[in-house]
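Before any comments, here is the structure.
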Amino acid sequence: MKFSVLTLFPQLVLPYFEDSILKRALEKNLFELEVLNLRDFSANKHQKADHTLIGGGAGQILDPEMVENALHSVKNPKHTIFLSAVGKSFKQTDAMRLAQKKHVVLVCGRYEGFDERSIELGADEVFCIGDFILTGGELGALCLIDSIARHIQGVLGNAQSLENESFENHYLEAPNFANAVFKSKEINKIPAPLEYSKGNHARIKQLKLDLSKLRTKFYRLDLFKQHKS
């Protein structure tokens, strides 16, 4: 699988892949990463990347011709995602679905975002990572890549890690407790569930499911009501 990131600030994207799980995955060629500087595709000799708004208004928007040129440079087949506050919120189910794609292109917004024609002509999907505003789409792109890459075979050392994560069964992950002895009196005042240490895996599984539902009801009542069974 390949990820291509189109951004005005490649230096914000590349460091994320210099450590930990995703670095090892890249070294093992489990996926490819391409980061393109949008300015390189500007038709302006000074690499100007933005324009004022028609009809007035604060701020600038990305040059649609520059975005178009950049997208044309990326080889097909590709699935193109624009990162914008107007998009739908990215979900775990989206990560699982997109992990089946061969090439995902992520276009990072800046300033006041995209000329609407860029979205109409170039986007297969538009996503945001929540109902809040960021200075650019780079953080959103990194969130999507991280979430999608976890579903690529071999990226996680233990495939079972995915099965028990939050949202995999529509609920938040059950509480976890370290298997260790602590000096802290405060930590020791809160014992882990006794059932966890008894070795009855069927009962542990059921307890974790029950705790998962309780946790979801407490932290994310919206999810609990949506998937209550």
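Going from the start of the chain as shown, residues are counted 1 onward.
In case you wondered, yes, glycine gets a Cβ from its N, Cα and C as well.
Look at TrEMBL and you will find 1-226 tagged as domain 'tRNA methyltransferase TRMD/TRM10-type'.
On its own chain, Leu134 (S-adenosyl-L-methionine binding site) has Ala85, Gly140 as residues at least 6 apart in sequence with a Cβ closer than 8 Å to its own Cβ. Taken from TrEMBL, the feature S-adenosyl-L-methionine binding site covers Gly109, Ile129, Gly130, Asp131, Phe132, Ile133, Leu134.
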CB within-chain contacts under 8 A for Gly130 (S-adenosyl-L-methionine binding site), separation at least 6: Ser89
Lowest local Cβ density (other Cβ within 10 Å) among binding-site residues: Ile129, Ile133: Ile133
Cβ atoms near Gly109 (S-adenosyl-L-methionine binding site) (within 10 Å, other residues, all chains): 29
In the chain carrying Asp131 (S-adenosyl-L-methionine binding site), residues 6 or more apart in sequence that have Cβ under 8 angstroms from it: Ser89
Count of other CB atoms lying within 10 Å of the CB belonging to Phe132 (S-adenosyl-L-methionine binding site): 7
